[in-house]
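Asks: Take this structure, written in C-alpha cells, and hold onto it; I'll ask about it next.
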Amino acid sequence: MLKEKLKAHKLILASGSPRRQQFFREMELDFEIRLKSVEEVYPKELQEKAISDYLAQLKASAFEGTLAKNEILITSDTVVWHNNQSLAKAKNAEEAFKMLKTLSEDWHEVITSVCFTTTTNQKTVNQTTKVKFKKLTDAEIHYYIKNYSPFDKAGAYGIQEWIGLIGIEKIKGSYPNVVGLPTQLVYDTLVDMT
C-alpha cells in the first residue's frame, strides 16, 4: 500500500483548502501543511490546462531551496474553463452571480493540476472533468451566493455544496477533481514516485 511506501518520505501539502486536506486524510496519507503566499498571475496567452499547470508550478517555486531530501511537496490549482475563458475565484457577489449565470444550462470543464516537487525532480499532472448545470434560476443563484459565499472557489461554486446538489445535471469524469483534487491521479502518481 502507498502508506507503507511513503514511510521514507514526508508529504508537504501546500494548500489551505479544507477540501484538499480532507481528501488527503480520507486517502489515509500523513502530511504536513506548509503555506506560502503566491500571486496567482499567469501569462494571458495560456489556456485551459496550461493555466492550472503553470499556477501549480508557480506555487511550488515559492518553496525553492526549502525542501529536505525526503520531502515531496504537493501544490495544485483548479481552473474552471467555459467558452474559451478561465473563470477564476469571484471577487464579490455580483461577479459570482455573473459566473453562475453564464454556467447555467451549459457544459464547462474543471481542470485541476497537481505539481509534485522533490529536491531532484518535479512532475505535473492534470485531470479534466466536464460538468453541466441545469438551468439555474436567479433566485437559486442569489440564495447560494448569500448562504455559501463561494468566493474561495474557481467558477464561484462548490459541487459538494447546495448549488451542486440541486444544480448539477451531468458530470463526465472525476467528481473529486471538481471538488479540487484528482485523488486517483494523485494516488497513482505518488505510487510511481516512491
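Glycine residues also receive a Cβ, built from the backbone N, Cα and C atoms like all the rest.
TrEMBL feature annotations, pasted as is:
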type     : residues : note
ACT_SITE : Asp77    : active site, proton acceptor
SITE     : Arg19    : site 'Important for substrate specificity'
SITE     : Thr78    : site 'Important for substrate specificity'
SITE     : Gln160   : site 'Important for substrate specificity'
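How buried are the listed features, and what sits near them?
Replies: Asp77 (active site, proton acceptor) counts 25 other C-beta atoms within 10 Å of its own C-beta, drawing on all protein chains shown.
Sequence-distant neighbours of Arg19 (site 'Important for substrate specificity'): residues of the same chain at least 6 apart with a C-beta under 8 Å from its C-beta are Gly158, Gln160, Val179, Gly180, Leu181. DSSP assigns Arg19 (site 'Important for substrate specificity') to a helix.
The Cβ of Thr78 (site 'Important for substrate specificity') lies under 8 Å from the Cβ of Ser52, Val110, Ile111, Thr112, Ser113, Ala154, Gly180, each of which sits 6+ residues away along the same chain. Taken residue by residue with DSSP, Thr78 (site 'Important for substrate specificity') is part of a strand.
Under DSSP, Gln160 (site 'Important for substrate specificity') is assigned to coil, being neither helix nor strand in the three-state scheme.
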